[in-house]
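Undergrad: I'd like to ask some things about the structure below.
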Amino acid sequence: MASMAAAIAASRTAVMSANRPLDDRERKRFTYFSSLSPMARKIMQDKEKIREKYGPEWARLPPAQQDEIIDRCLVGPSASAPGDPEELARFPGLRGPTGQKVVRFGDEDITWQDEHSAPFSWETRSQMEFSISSLSIQEPSCSTAGEPRPPSKAPQGSQALRAPQGGKSSSLDALGPAWKEEEASFWKINAERSRGEGPEAEFQSLTPSQIKSMEKGEKVLPGCYRQEPAPRAREAKAEKPSPLRQEQRAAPSVSTECERPQPAQACASPPSEAGPSGPMGKPVSPEVMEAVEDMEDALFLEPVPVQVSSSNVILKTGFDFLDNW
């Protein structure tokens, strides 16, 4: 508010001292610009002094001539005009034409062209020197760059780490078929694992020892990790005399009576092996037991799919005891 009051007082003083009074438009303009800042108020006061100096002739001058008079009076005669020879003496870099300034290094005969004295351009040196002939020269190099390069000697692990996410398939192909086989076996094992995790798990691949361990609460390995019977045991069983087989055929009822306590195995056996059920009254000879063991091994080597729900409890049998003896 103080600056506004000072501007109004200055404008009143200028109006009273002038030969002609300011109109309402000029007064508002003078008041507004005088209230912006102290420097603006000083400029407006200097302009009023110039107008007072010229008197009534100031109103008859064209606006362009008024601006020229104001600029000349405000700057002062001491300011040098552009192109003044005194300026060239103070700034020797402005003497020579741009882009042709040569720099000499002391007393030695070393000269170079000043790169900063060149005319300004938005383009770089490579863009200014670009031509069609440079393209024709670079064509053979581009064609050689497009040719397949020999594989690098870096290890495969580092190549797989350096490969970007977009080029993952190319890095996998470079690792070779061994890696693909590894990945295939990995997914196969996962599929076998997930097969035995659901509520409708299949128990046809479980051995009696695995069933017993499940009843005890121990962790059972899946079928893909189970060790197959040794070839020596197979050969020994194959070399057994044929009279055992004949005894097995002669007494089918005894074998069915031994198999009766296993409900899951009774369902899995073919209908030809099922015989009339009866109470176990006679003791079983060891030869017949060995024959039954051979049948059990044959059943587990070639499993038949059995639909067993998870709610059923598989009972412990004598075969389980003999298997873990």
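Every residue gets a Cβ built from N, Cα and C, even glycine.
Pulled from Swiss-Prot, these are the listed features:
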- 1-18: compositional bias 'Low complexity' (COMPBIAS)
- 133-144: compositional bias 'Polar residues' (COMPBIAS)
- 261-281: compositional bias 'Low complexity' (COMPBIAS)
- Ala2: N-acetylalanine (MOD_RES)
- Ser37: phosphoserine (MOD_RES)
- Ser126: phosphoserine (MOD_RES)
- Ser171: phosphoserine (MOD_RES)
- Ser285: phosphoserine (MOD_RES)
- 1-21: region 'Disordered' (REGION)
- 76-100: region 'Disordered' (REGION)
- 133-177: region 'Disordered' (REGION)
- 190-285: region 'Disordered' (REGION)
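Describe the structural surroundings of these features, if you would.
TA: Within its own chain, Ser37 (phosphoserine) has no residue 6 or more apart in sequence whose C-beta sits under 8 angstroms from its own.
For the recorded site, Ser126 (phosphoserine), the DSSP three-state label reads helix. Around Ser126 (phosphoserine), taking its Cβ as the centre, 8 other Cβ atoms fall within 10 Å, counting all chains.
In three-state terms derived from DSSP, Ser285 (phosphoserine) belongs to neither a helical nor a strand segment and is classed as coil. There are 12 other Cβ atoms within 10 Å of the Cβ belonging to Ser285 (phosphoserine).
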Undergrad: To the nearest whole angstrom, what is the C-alpha distance linking Ser285 (phosphoserine) and Ser126 (phosphoserine)?
TA: 101
